Every structure is written in structure tokens, then in C-alpha cells.
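Here the structure is laid out as C-alpha cells; the discussion comes afterwards.
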Amino acid sequence: GQFVSLACDRHGSRVLDQIWSVASVKTKQKIAEELASREGELSQHPVGHHVVRNLALAHFLNRRRQWEEHQAAESKRRKVFTELLEG
């Protein structure tokens, strides 16, 4: 994948944030798995460390179940909000 490259690029990290904001929980897991494998490197990178924080990679690595529950709740909240705006 190319997510590490995106995470380390000033503009790419913003693209990654936008992808994250609309991605399903399953897609977020795939992205997080790729990024988590290089979490140490990303944490030290001037741009990558923002992605580590925004995507909660430390929680993904250490408390995956809680991370998954949080992502599912956020997805549900976003869906309800969208339905209210469209309704």
C-alpha cells in the first residue's frame, strides 16, 4: 500500500485524513494495520506523527478492541448526523 507515503507527505496526510473521514471501519482497520507496522518511523516523522495521533495508532496497537469500538461508534454517529441533514 501507499498509506505510509501519504502519511509522510504534507499534502498526502490531508488526503489520508479525508479518506479516513469517510472510510468504513473495515477499511480503517486495513489502513491502520499498514501504518501500525511502521508506527515507530511515523512517530518520528515531522508530518507522520500527526497521522499517528489522528488515527490513534497507539490505541490500535495496544487496545485494539477499544479502538474498533470507538471507530464503530464514530461511524454510526456520522451516519446519524448525515441522515439528519439529508432528512
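Cβ coordinates come from backbone N, Cα and C, glycine included.
Among the features that TrEMBL reports, repeat 'Pumilio' is placed at 1-33. Using a Cβ-Cβ cut-off under 8 Å and counting only residues 6 or more beyond its ends in the same chain, the repeat 'Pumilio' (1-33) has close neighbours at 41-42, 45, 47-48, 50-51, 54-55, 57, 60, 67-68, 71-72, 75.
Among the features that TrEMBL reports, domain 'PUM-HD' is placed at 1-87.
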The repeat 'Pumilio' (1-33), counted residue by residue under DSSP: helix, strand, coil: 27 helix, 0 strand, 6 coil
